[in-house]
Amino acid sequence: MPNVVVVGAQWGDEGKGKIVDLLTQYADVVVRFQGGNNAGHTLVVGGEKTVLHLIPSGILHPGKSCVIGNGVVIDPEVLVLEIDRLKAKGALKDDGQLVVSLDAHVIMPWHKAIDVAREQAMGEGKIGTTGRGIGPTYEDKVARRGLRIRDLLDEARLARKVKERAALAREELARLGAKLELDEPALVKRYAELGRRVAGYATDVSIWLHRALQQGKSLLFEGAQGTMLDVDHGTYPFVTSSNTVAGNAVVGCGLGPTAVDYVLGISKAYSTRVGGGPYPTELKDETGERLRKIGGEYGATTGRPRRTGWLDALALRYAVRVNGLSGIAMTKLDVLTGFDTVKIAVGYRLDGKVLDEMPSDPEVIERCTPVYEELPGWTEKLEHLRTWDDLPPRARAYVKRVEELAGVKVVGCSVGADRGETILVENPFLAR
């Protein structure tokens, strides 16, 4: 069986969790490789909703292993809370199901304080951070002063590092006009306890995954956020603090690029974005509100209403290119039911010219207006449909047009919130 990477092809919130949950039955191991608990996966199985922020979606499948790689930043309070909630639901019966990298960096209280203080200091220039300390934790990682999961397992080492790093954090917060109220001995005690709680799951993930591959096991890499939020390839600076594209899948868990056989991009049938930054197809009218209401477009992590708009083919084609997408899974196709017409942005108008590729400068993107192609809508409900041929002709025509514009095949469509409400045209794990 091949190894498959699943990444967001838009601005995040594309429904990756549902698709990963669906594909997990074909994989042996699900791997999370970047981001932190700023991402939220909402899964609906048998009508029961589960929201996960750190642990991979595949944990709801008995017998599957889930790995949190070195590229993820971990809030140990959140990790332990998710473990406890899953156990209370009857999931994670076998502790061997969850594997956590010893080298994953740890979100500390000062990271959250710095995150919030900086955002407040930016005023109208706010990026729209979740305030969960993700960015400052990645900064400390790059500056070679971060704490890792392995540091929580040695209380003396933890105490030394907390003392050093807390002093630096207080200095930075003072410059921002904020204070860090911290009882260092109590903090060390608490995080050492958290370390003991996760110690049984922590290991060298690179070795663990390499052995899994040697045993012939198949891997499913689960991305967080989306392509347009990638720190290098997104609409910088309105991005997240990690690489969200497929190339980071192996870097974030300690494998080489030859471990990947197929890259699946997830895209909504329309588009959404959370936080600031350019968004050419944004709808600030009744249509945008209608998409938000029908699609339930509120953040799984923050509860913030998402910005909504029509599908942007230029952004999608960009995602195909920078990820090397093998195929696309389209989610929330059912949300478009009932619209008289549906639109796709096929170009940008800028200074009297029409562009057919997304500019690399976000300030230029901000000045662009979309050139739309309109297609007839459909009125039929889609939730009960399970095959491609069952879809209404106009819905099929819409999907095929997206396929033509993106340049890769749409291999699946989500027609409802539940795991089973999905049409899989081509299974990435069976593709050759």
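Cβ coordinates come from backbone N, Cα and C, glycine included.
The feature GTP binding site is assigned by Swiss-Prot to 12-18, 40-42, ARG306, 332-334, 414-416. ARG306 (substrate binding site): 22 other CB atoms within 10 A of its CB, across all protein chains.
Sequence annotations record features per position, and here Swiss-Prot assigns IMP binding site to ASP13, GLU14, GLY15, LYS16, ASN38, ALA39, GLY40, HIS41, THR130, ARG144, GLN225, THR240, ARG304.
As annotated by Swiss-Prot, Mg(2+) binding site applies to ASP13, GLY40, with the evidence given as sequence analysis. For GLY40 (IMP binding site), other Cβ atoms within 10 Å of its Cβ number 19.
Secondary structure from DSSP puts ASP13 (IMP binding site) in coil. Marked as active site, proton acceptor by Swiss-Prot on the basis of sequence analysis: ASP13.
Under the three-state DSSP scheme, HIS41 (active site, proton donor) falls in the strand class. The Cβ of HIS41 (active site, proton donor) has 24 neighbouring Cβ atoms from other residues within 10 Å, across all protein chains displayed. What Swiss-Prot records for HIS41 is active site, proton donor, and it gives sequence analysis as the kind of evidence.
Annotation source Swiss-Prot lists substrate binding site at ALA300, THR301, THR302, GLY303, ARG304, PRO305, ARG306. Long-range neighbours of THR302 (substrate binding site) (same chain, six or more residues apart, CB within less than 8 Å of its CB): THR130, VAL274. In the three-state DSSP scheme, THR302 (substrate binding site) falls into the coil class.
With respect to Cβ neighbours within 10 Å, the binding-site residues GLY303, PRO305 differ, and GLY303 shows the lowest count. Rounded to a whole value, the Cα-Cα separation of ASN38 (IMP binding site) and PRO305 (substrate binding site) is 15 Å.
For the pair LYS18 (GTP binding site) and HIS41 (active site, proton donor), the Cα-Cα distance reads 8 Å.
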